[in-house]
Structure formats: C-alpha cells, structure tokens
Amino acid sequence: MKSFASLLFLAATAAAHATWQQIWVNGVDGGTSCLRRAANNNPIDVGAKELACNAHTLSPNVCTIKPGDKVTVEMHAQHGDRSCAQEAIGGNHYGPVMVYMAKVDDARTADANAADWFKVSEMGMASNNPVYWAVQVLNDNCGHWTFTVPDLAPGNYLIRSEVIALHVAGSIGGAQFYPGCFQVNVVGNGSGRPTETVKFPGAYKATDPGVLFDMYRPQSTYIIPGPRPYGTSPATVANTPYPTTATWNTALQPTTVPTVTPPVGGGTNPPPVTTVAPPVVTSQPPVPPTTQQPPVVTPTAPPSGPLQTQYGQCGGQGWNGPTQCQPPYTCTASNQWYHQCL
C-alpha cells in the first residue's frame, strides 16, 4: 500500500499540466511549425531521457532566426489552447524559467540527448521583497517568454525552453520539469561557438540546491540550476517589488495556430515545403440508442462562499484565500503549506 505522503506527491504530479507549444520571431507568430511535439503535458523526471526535449513527434520544418532576433516561446496548460483565461502553468507551480540552445547537424533529425546544450536565458527568483518567481512573470505574460538570440555561428540549432516547478520540491524527487524544443536555422554573420555546455539528462542532479528547494521557508535567494548563460548576464534577485504588468500585449494574443508557416531552412539545402492533403475520415452510421429511463438525480446544495478554480491553491498553512473548489474539483493536500483544487 502506498504511503499517504507518496499519494500526496502523486496527486501533485497529476495536477501539473503545461507544455511549450508555439514560437514567435520578432513578433511574427510561427505557431507550432517547428515544434517538437510532446506526447502529453505531464512533468518529466530529472533523470529521464525525455528531459532533453520531451518530444514525441519531430517536425519536418525549421524556423529561420539570426543573432539579435527576439524569439518568444509560448507555453499553455492545454494543447491548442492559446487563450489567456487560464494561467500558462497554474496551481502555484512557481520556479525558474530557462532557455537553452544546441548546435546540431540537422535540427529535423538531431538526437537531443546527444546534443551539447548552452543556456541563453534564465530567471529564477525575480524578487525577494515580496518573493516573486519567473513562472509568475511567465503567467503575467500569457505564457510568453522572450529572449535575444546571441552571437552564434550559422547552422541548425535546437531551442530548449524549460520551467522547473518547485511547489513540492522540498524533498528529493519533488521538483517537476517541463521542457520543450523547437527546431531552428541560424543565418547571418555570427561567429560565436559556446563552450560551456551540458547534456540532458545529466545537467541537473536531484540534490542540486535549485532542484531540492523548500519554497515555503523564508528565502532571500535562489541558485538557478545549470551553467551560466551565454551572451547575457546571469539573473539576479531584486530586493524591491517586481513589476507585475505584462510586457506582452495579451490583447492581441491569437486564439488559433497560424496556417502559414514561417520561412524554413535546413542548413545549406533548405527542405522543400510539402502540402499534406487533409485525411479522409470515414465513419459508420450511428447506432440508434436504446430507450431507457433516465437516472434519478438527487440535487445537492452548491458550495457557499468564494470558489477556487482548477489547479488553484485552496488551503495550507497561512492560506487566507478560498478553501472550496469549483465543481467537480476537490481541495487536495500536497503538503502542510499547499493544497490545490484537483
């Protein structure tokens, strides 16, 4: 029989839902055209081979970028849902946001586990007065995270974006990893070849200070896992309130994925863009339903007071917010400080 603590951990893991889904280049929406699609939106273990990209399906395309471009990667809780009504990664899954890149021969077929990854963007604890995390900044901006492409030699690369959720990271194995990858071709006259690289898995250990971390104890700093970023300064922790105003124009956020892909390329010989005919869907005629009496439903009184949404916090030591959940969710304890609607 599983222990109560292990059941709480499994409940917290099951509640975590988010994947990286879209890419933008200088404000142009590239959608999922060069995304390595994830099999599902569950977190990845620190030692799993899926930690590299969490990829189930590779893309036949690469998106073209160059040094100095502003690249935005986009995360959402459910696949295909680009609305800002729901947090990109909810349930107070606070922690760092990082972006890595790796030079490869052909981004369309490259083995992400064999790649040499260098970091190009990071943010951990944005402020300690009050504590404000990179994930909160991500959520403020409807799941959009923007970085500048550093000086890089031309060629194919993989982009790896990542969230580490620390809400149950106070014990070994509690940190939850949400990576995702995009396939790109860097053009231009750059010459940079980063040398401080890591492998995934292998870049992090379960006992690293930024992986094994109790976010419910008073903390004034946070050590971001992984190497120092290339082409930009390491992130710092502010001791003044972090601005919560979105820098991304959420009012212009599209609700669908674009049907026209951005320019593609594959090294020296760009691959042809092929048009795939829509699948032919066949179905059997519906079987008439059998007649039966409807079940007798006994109405229940709706819960009173303010209700928390799915994955939102609903209890825990020091919590003063809603303690009841919107139907059909129930308030479930992850630990003594954090309960959420599952």
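Just so you know, glycine gets a Cβ as well, placed from its N, Cα and C.
Site annotation for Cu(2+) in Swiss-Prot covers H17, Y178, and the matching candidate from H93, H339 is H93.
Within the set T19, T247, Swiss-Prot records phosphothreonine at T19. Residue annotated by Swiss-Prot as phosphothreonine (from the set T13, T57): T57. In Swiss-Prot, the feature region 'Disordered' is placed on 281-302, out of the ranges 281-302, 303-324. The Cβ neighbour count for H93 (Cu(2+) binding site), using a 10 Å radius and every protein chain shown, is 27. Here the CA atom of H167 (O2 binding site) lies 13 Å from the CA atom of Y178 (Cu(2+) binding site).
DSSP gives H167 (O2 binding site) a coil state; it is part of no helix or strand. Here S59 (phosphoserine) comes close to T32, S33, C34, L35, R36, R37, R108, Q183: these same-chain residues lie at least six apart in sequence, with C-beta atoms under 8 angstroms from its C-beta.
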